[in-house]
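Visitor: Here it is, the structure in full.
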Amino acid sequence: MIVADSECHSEIKGYLPFTRGGVAGPETREEHREGQARRGSRGPSAFIPVEEILREGAESLEQHLGLEALMSSGRVDNLAVVMGLHPDYLSSFWRLHYLLLHTDGPLASSWRHYIAIMAAARHQCSYLVGSHMTEFLQTGGDPEWLLGLHRAPEKLRKLSEVNKLLAHRPWLITKEHIQALLKTGEHSWSLAELIQALVLLTHCHSLASFVFGCGILPEGDAEGSPASQAPSPPSEQGTPPSGDPLNNSGGFEAARDVEALMERMRQLQESLLRDEGASQEEMENRFELEKSESLLVTPSADILEPSPHPDILCFVEDPAFGYEDFTRRGTQAPPTFRAQDYTWEDHGYSLIQRLYPEGGQLLDEKFQVACSLTYNTIAMHSGVDTSMLRRAIWNYIHCVFGIRYDDYDYGEVNQLLERNLKIYIKTVACYPEKTTRRMYNLFWRHFRHSEKVHVNLLLLEARMQAALLYALRAITRYMT
């Protein structure tokens, strides 16, 4: 995945436009047309017009191919092309991805790809399942294991429960789950092996969110459906994504939405400068209100439940188990995870640095790149401080996973995130297999596609960090 050797340069130029400024040779334009013909007109995403990727991401991705070529050899996949709209993030992502799956570590390479299959299967992500099946066999994996989890070693099967919880309800993970995997026995895990497996599971769960959220298409299926198995409403079928943001946006109404968002950001920033922040009690109440209101933020009832494919279902135990709202009416909710009690910076990072130092450093870098990534633009506006908006998105994702920041006013979430954006965020983060093109089109209707991909990067990282915090807290409690 995400590779660039000498052959791959010509392959990716099927997506990249002919070189500007006359640098390329006379056949470049023809090579571009041939590459387009090989893939069809759909491009790497069912949601993003290929013209947008050519316009916004081609040059920056091409500049980064040299870095990727140093890492391995193979092909550039559709996921890399879309993620390459943000090349600084892609570089950081790839370093961790390569470490997890391709360098020496506690777990054999084939086992790591099998764990990735198990993780992607929880979300019915055929794109990732198929990719890791291929790599599993290429790294010497036993083909019998691909017949289903029941053919895999018991040690791998024992990971299924933690995989299930991390994918759907990470707040349920306890030190007893960790103890069950580490206790002495023929099929026990070492702590080093388990840490690598947990990071890999959360990496692949969140990557499935990115695949569904961006409508990534299988490389060999330019005329097919997205990598997701989720059905789209009939009106969406067979309609290529439009390159004009106004076509699906409601035109001037969408432009007014942008202006209204800019005004709300300005007012919030002014109130902060005047030190008109809410009290601690009020901020806690606003979090509880936001958590309760998230119950009402769900996909449309007319979206059908995806039907798991048998080739994917065979890697899943308890397939009916899925995300449930952290706070449900009429039930005893688990206690809120107060971020200050177990932070990534002070607790999670230090633990993983002790047990998996190479991974800890790259994880921390990737989180920082995602959190700080900005081009200071919003739709047609430039020179904008977007930190408040990015923090609202990050904290809302953590909110739906039950994590609260004591120093954050959750009233900002309601002011900055429109309902369609909340629906999209919650769907992609919690049940990504239900994501549709219509959801993608309905939020931020006047924004560039690269900005929507940016939202998906925040989704990927915030979701991964939330699940890791629950898992690492359970390990800390086990060790103490």
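Yeah, the Cβs are placed from backbone N, Cα and C, and that goes for glycine too.
What Swiss-Prot records for this protein is below:
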CROSSLNK  K175  ubiquitin cross-link
COMPBIAS  223-238  compositional bias 'Low complexity'
MOD_RES   S249  phosphoserine
REGION    308-480  region 'C-terminal domain'
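Surface or core, plus neighbours and distances: that's what I need for these features.
Guide: Under the three-state DSSP scheme, K175 (ubiquitin cross-link) falls in the helix class. The Cβ of K175 (ubiquitin cross-link) has A474, I475, R477, Y478 as same-chain neighbours under 8 Å, each 6 or more residues away in sequence.
As a whole-number mean, the pLDDT of the region 'C-terminal domain' (308-480) in this prediction is 92.
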